[in-house]
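S.K.: What follows is a single structure, and I will ask about it in a moment.
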Amino acid sequence: MANITNEFMGHDMLAPFTAGWQSDMEPLVIEKSEGSYVYDINGKKYLDTLSGLWCTTLGGSETRLVEAANKQLNTLPFYHSFWNRTTKPSLDLAKELLNMFTANKMAKVFFTNSGSEANDTQVKLVWYYNNALGRPQKKKIIARAKAYHGSTYISAGLSGLPPMHQKFDLPPPFVLHTECPHYWAYHLPGETEEEFSTRLANNLESLILNEGPETVAAFIAEPVLGAAGVILPPATYFDKVQAILRKHDILFIADEVVCGFGRLGTMFGSDKYNIKPDLVSVAKALSSGYMPIAAVLVSQKISSVILSESNKIGAFCHGFTYSGHPVACAVALEALKIYKERNITEVVNKISQKFQEGLKAFADSPIIGEIRGTGLALSTEFVNNKSPNDPFPYEWAVGTYFGAQCAKYGMLVSSTGDHVNMAPPFTLSLEELDELIRIYGKALKDTEKRVEELKSQKK
């Protein structure tokens, strides 16, 4: 048995989203995956309720994806897609994605390696498009507070999370942020969901008018805000937002990185909320996380301008060495085949009711303000006195403590501040779901006790 403390403490990695003090702690080193479970280097088994990072939808041991990678590695391990050269897996995957996305007619696919790169690409596409139309001033992008769109320069700027901006000179001046559509947290007394949506839509239009519609190029949104805590759009929100965007000739970018490929019980979040985007970003579940790959879906409206005008203003000079990597594309293509064959949205809908109802049964806990979710995505918000305006003291780290208790009992969740996210793989069995609910309950009981102790110490 390996000794984590001796072997890995003070390790050589500069880890993502990790503070310096954490480098002196024992890291959790994951060594093996099997179905809905992962195992650490000491052999401890954990139910992985975040699908890695929202991505391993088909679980950790789907042999068909491994075989697809192996077959492609033995045929053509790499070739690029520059200068009108490409590979068959990339062409086949592009065609399949265009057929699969039906919320609006898409015409072209551009491959990247991550959701961050996809959203960076979206902004460059929008800028190129407006330059091609002779509108160089139409460049600003509107995103939303609390949104997560990635961590590269542009995508981190689009993200509405202050810790991602601090010390990085972000957001850039061309990025604007409008309000987060979290009804529970931000509605006024007596305000209905539809009235809340109307107020936010009116504020969005005021922002556009104040900036000048001729300067605003696009609006980017996740159908459901994932990392922010599975924040669902309030009633009529996207209908009202899209009407404003059309009125002012502003493009809609749908960030489907988390929501896409069945997570919400529909193939895409755009299907669930009647979104008709001009551009779409997909990643994560595209390959079930087995290979790094993402894609940008481009509507006919935009692609026709780019293709026709590039002969006049110059080529769309953007791309990555690994854009359309043949192995990643082969794995993604097999994942999409599995989603179709297994009718994955039906699978999600069959287990999501018990998942949602089983966990929302804990909503009466005195330390929980809201449990919200849809499909196989759910978030628990810990607050004092069940009020969004009364958070626990930061140093109490209530969400972090809950996550640590879950890990102690053999379950991994994502704890960000005092909200805890769960997005389990679609392979989750009913027995595993029972285990998930049981561990959640045990960890919650421990956390309630911990909060009571902290409150008594404060008196």
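Placed from the backbone N, Cα and C atoms, the Cβ positions cover glycine too.
Got these off Swiss-Prot a minute ago, pasting:
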BINDING   G115, S116, D255, F320, T321  pyridoxal 5'-phosphate binding site
COILED    430-457  coiled coil
MOD_RES   K284  N6-(pyridoxal phosphate)lysine
S.K.: Tell me whether T321 (pyridoxal 5'-phosphate binding site) sits in a helix, a strand or coil according to DSSP.
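M.R.: Note: T321 (pyridoxal 5'-phosphate binding site) is coil by DSSP, not helix or strand.
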S.K.: Near D255 (pyridoxal 5'-phosphate binding site), how many other Cβ atoms are within 10 Å of its Cβ?
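M.R.: 31, counting other Cβ atoms within 10 Å of D255 (pyridoxal 5'-phosphate binding site).
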S.K.: Rounded to the nearest angstrom, how far is the Cα of F320 (pyridoxal 5'-phosphate binding site) from the Cα of the residue listed as 'N6-(pyridoxal phosphate)lysine'?
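M.R.: Given the Cα positions, the residue listed as 'N6-(pyridoxal phosphate)lysine' is 18 Å from F320 (pyridoxal 5'-phosphate binding site).
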S.K.: I want to check the contact list for S116 (pyridoxal 5'-phosphate binding site): same chain, sequence separation of six or more, C-beta distance under 8 angstroms. What comes out?
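M.R.: Sequence-distant Cβ neighbours: H149, G150, S151, T152, S155, A156.
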S.K.: Counting other Cβ atoms within 10 Å of each Cβ, which of the recorded positions G115, K284, F320, T321 scores lowest?
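M.R.: Comparing Cβ neighbours within 10 Å for the recorded positions G115, K284, F320, T321, T321 has the fewest.
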S.K.: Could you check what DSSP calls S116 (pyridoxal 5'-phosphate binding site) once collapsed to helix, strand or coil?
M.R.: helix
S.K.: Indicate whether the residue listed as 'N6-(pyridoxal phosphate)lysine' is helix, strand or coil by DSSP.
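M.R.: Note: the residue listed as 'N6-(pyridoxal phosphate)lysine' is helical by DSSP.
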